[in-house]
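S.K.: Relevant sequence annotations retrieved from TrEMBL are reproduced here:
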type	residues	note
BINDING	C88, H91, C159	Zn(2+) binding site
DOMAIN	19-194	domain 'GTP cyclohydrolase I'
Amino acid sequence: MSPYRNLEEYNIEITNEVKEHFSKIVDDIGEDVTREGLIKTPERAAKAMLFLTQGYKQNAEEILKGAMFAEEYDDMVIIKDIEVYSLCEHHMLPFFGKAHIAYIPNGHIVGLSKIPRIVDVYARRLQVQERLTHDILECINSTLKPKGVAVVIEAAHMCMMMRGVQKQNSVTTTSGFRGQFEKIETRNEFLKLISSDLS
Ligand SMILES: Nc1nc2c(ncn2[C@@H]2O[C@H](COP(=O)(O)OP(=O)(O)OP(=O)(O)O)[C@@H](O)[C@H]2O)c(=O)[nH]1
Ligand SMILES: [Zn+2]
């Protein structure tokens, strides 16, 4: 089975069930679900929600294992500014921002696109930013077994912007470091490179 399962493979019964729930929500908030503009809304919302949570059906380890190549390169590899869109598990509202990821190979490198792909696998679930950071970190660490891995995520949370505390400019930064990145010099080099426009 492809590790990149997507919407086309979604179970029609689940889509219809989620659609019925959205229909009820539209009704419960006082809207007219039969109004022209809203007729297809429960179905669209169901498909959007299933798309945004498709990570539960995907396997990040398989994605990484599918493109690991033996290579004697033992310097830092950094992929920065990877867009992240996730849903906070408390309010099911989006949080979004950027992930910066680095690893130091240990006999194997990985296809570059696979790093953003595994970010999406873990982001497309109900998450907290801390767990998202650690899920990505542990997946790379246990699958690629590099000499070191680092993950930094900077994100804004709609549940803190549109409602609740209503702060528009706060950004949450989470990070995780394993192996050689636990050494302060290596970690600082990574942090310096992700803050530069030239890395
Ligand atoms: N640590 C962490 N907290 C998060 C994340 N996303 C949302 N939250 C927080 O989850 C908390 C849930 O707190 P509750 O008091 O149960 O919910 P609430 O009454 O809606 O809280 P307010 O947002 O303060 O109105 C809030 O403080 C949110 O800011 C996340 O990724 N990580
Ligand atoms: Zn929230």
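Backbone N, Cα and C atoms are what each Cβ position is placed from, and that goes for glycine too.
Walk me through where these features lie, including what they touch and how far apart they are.
M.R.: Within 10 Å of the C-beta of C88 (Zn(2+) binding site) we count 18 further C-beta atoms, all protein chains included.
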S.K.: Which value does the mean pLDDT take for the domain 'GTP cyclohydrolase I' (19-194) in this predicted structure?
M.R.: 98
S.K.: I want to check the contact list for C159 (Zn(2+) binding site): same chain, sequence separation of six or more, C-beta distance under 8 angstroms. What comes out?
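M.R.: Spatial neighbours, sequence-distant, of C159 (Zn(2+) binding site): C88, H90, H91, L93, F95.
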S.K.: Based on DSSP, name the secondary structure state of H91 (Zn(2+) binding site): helix, strand or coil.
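M.R.: DSSP call for H91 (Zn(2+) binding site): coil, neither helix nor strand.
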